[in-house]
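Q: The structure's right below; bear with me while I get my questions together.
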């Protein structure tokens with residue numbers, strides 16, 4: 001720790017911060033529709049992602065109805081079931097979670113948390129949302145074309161993805177790949193904005209080691225996405241060329257419908273490498289912003305400094321780097337060179353080390369804290385419990401010997417949903433409860449919020465713990481109907497019915513949450529400027545919700561790190577980052 005006198009701290013510039021003239025909206029259209037304000041763009045991203053996410057939620061209910069009560073619902077057939085799987089998975093992983101964490105929280109929080117007036121490139125930021133919206137519309141249009149959306153599975157493996165026997169082989173796969181290409185273009189415009197804003201638009205005194213961990217998580221995830229998404233982009237373009245022009249990048253010589261196909265010489269394994277080189281970093285593109293947000297929620301609602309701030313930062317960076325050398329643990333049964341499995345199993349276990357550091361630091365932050373069991377805190381605790389449980393099952397799947405018999409069973413589905421479904425959604429919900437007062441100026445209803453949490457949290461475990469057991473029994477995933485297979489015990493059918501009932505109940509809780517959002521917007525209690533008594537800059541704006549340009553006439557000056565809670569001798573139990581020190585005081589640049 002290096003001590004620097006306060007009168008010098010304000011003169012430490014992390015970057016030049018010119019007070020540029022902002023674009024000022026001149027009409028309702030330029031203020032709320034074609035807005036260049038990052039806060040409005042964040043809300044647009046969030047609403048669009050939530051809308052398409054509701055579609056994915058409905059698809060999951062339809063799949064559960066079929067699995068729980070097979071043959072009861074005649075409007076669901078085998079082809080549609082495969083299409084539902086594909087669309088549900090792709091929407092949740094990319095169009096919902098990536099868009100919410102980076103496009104939603106990233107746009108709203110980065111400028112406020114670093115003390116900037118807006119993103120560095122507001123016009124490009126606006127374009128990024130509209131390209132994302134176009135990608136969502138192209139994806140959704142697949143429901144309305146002949147043949148419907150593709151049923152190739154959300155990983156889109158060739159040759160199945162473009163063979164004539166696959167549902168949605170005509171327009172469905174073309175629209176899916178086109179939508180992915182558009183999404184990546186839109187994200188690249190937004191992602192460059194996030195990175196440049198963090199590096200170049202921080203206010204005076206905001207050194208990198210004073211950034212809130214939310215910003216560190218979003219920043220690192222964005223850098224990862226800018227490196228990982230090109231692999232998916234290239235794979236999507238090449239697969240689209242295979243489908244439309246008859247090239248054979250990924251299509252081997254094979255017999256299709258009794259005749260030798262027009263393809264030959266391609267490698268399906270190459271596509272799997274490209275997809276998972278994107279796919280596993282994508283897990284942490286979603287997880288790292290969640291890690292950062294949870295750190296801020298825990299510190300704020302436990303009224304305690306985050307434990308091991310620098311270690312937490314370096315753990316985020318280490319996870320981001322290691323995530324690029326573990327992708328092939330998704331391919332143990334793909335036919336790749338067997339000895340590669342030992343390398344990727346080793347790197348998979350190594351990445352657990354920085355992840356464990358974060359978990360221990362969260363626990364130590366809670367230790368002897370003044371814990372307030374607010375709704376955001378409940379969701380943060382729910383995330384930690386869920387992520388640890390999901391991570392422990394990941395240790396099984398990271399081991400080659402164990403993964404082979406569990407591959408393509410419901411165990412994989414349960415693990416993936418705990419880590420990439422329930423855990424990040426817990427963070428999204430906790431973050432909404434936490435920052436909703438900043439966005440709207442009103443508090444969400446606490447009773448409805450706690451009802452929402454407990455039904456969601458307990459329901460998730462009642463869904464996915466039995467699903468792990470089904471996987472251990474050997475119940476396969478992606479089956480439209482299990483039938484009377486000898487290796488499936490009768491208890492599996494009863495468990496599937498139980499899981500379906502619980503899933504529908506959890507879905508009802510999300511409707512209560514939506515009601516809470518809308519009702520509180522008009523009838524919620526006024527929040528004031530800083531209802532959680534938080535230290536970070538977004539809570540120190542002169543207006544709530546923040547006005548155009550965020551900071552009025554003068555940008556804030558940062559004097560301390562982001563987690564000054566329960567400071568001995570202080571007038572209150574928190575000290576905001578922009579609060580000037582007493583005359584002659586000395587403060588460290590970073591903990």
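Glycine too: its Cβ is placed from the backbone N, Cα and C atoms.
Here the structure is a predicted model, which means the values were calculated and not measured.
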Q: With Swiss-Prot as the source, identify the stretch among 337-357, 526-546, 547-567, 568-588 annotated transmembrane segment.
A: 337-357
Q: Among the residue ranges 453-473, 474-494, I'd like the one that Swiss-Prot describes as transmembrane segment.
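A: Per Swiss-Prot, the stretch marked transmembrane segment is 453-473.
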Q: Of the ranges 151-171, 172-192, which one does Swiss-Prot flag as transmembrane segment?
A: 172-192
Q: May I ask you to indicate which of 246-266, 498-518 is given in Swiss-Prot as transmembrane segment?
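A: Residues 498-518 are the ones Swiss-Prot records as transmembrane segment.
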Q: Which one, 313-333, 337-357, 453-473, 498-518, has the most C-beta pairs under 8 Å toward the transmembrane segment (412-432)?
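A: It is 453-473, which has the most Cβ pairs under 8 Å.
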Q: Are there residues of the same chain, six or more positions away from residue 284 (Cu cation binding site), whose CB falls under 8 angstroms from its CB, and which are they?
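A: Correct list: 221, 224, 319, 320, 323.
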Q: Which are the residues of the chain, 280, 284, 329, 330 excluded, whose CB is within 8 A of where the CB atoms of the Cu cation site average out, their centroid?
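A: Sorted by sequence, the hits are 276, 279, 281, 283, 323, 326, 327, 348.
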Q: Looking at the binding-site residues 88, 415, 417, which has the shortest Cα distance to residue 330 (Cu cation binding site)?
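A: Answer for the nearest of the binding-site residues: 415.
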Q: With the transmembrane segment (274-294) as the reference, which stretch in 90-110, 172-192, 215-235 has the largest tally of C-beta pairs below 8 Å?
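A: Highest pair count goes to 215-235.
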Q: If one looks at the chain holding residue 417 (heme b 1; low-spin binding site), which residues at least 6 apart in sequence have a CB under 8 angstroms from its CB?
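A: Within the chain, residue 417 (heme b 1; low-spin binding site) has Cβ neighbours under 8 Å at 463, 464, 467.
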Q: If you measure residue 280 (Cu cation binding site) to residue 88 (heme b 1; low-spin binding site) at Cα, how many Å is it?
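A: That separation, Cα to Cα, works out to 18 Å.
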Q: Which range wins on Cβ pairs under 8 Å with the transmembrane segment (313-333): 40-60, 90-110, 172-192, 215-235?
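A: Stretch with maximum Cβ contacts: 215-235.
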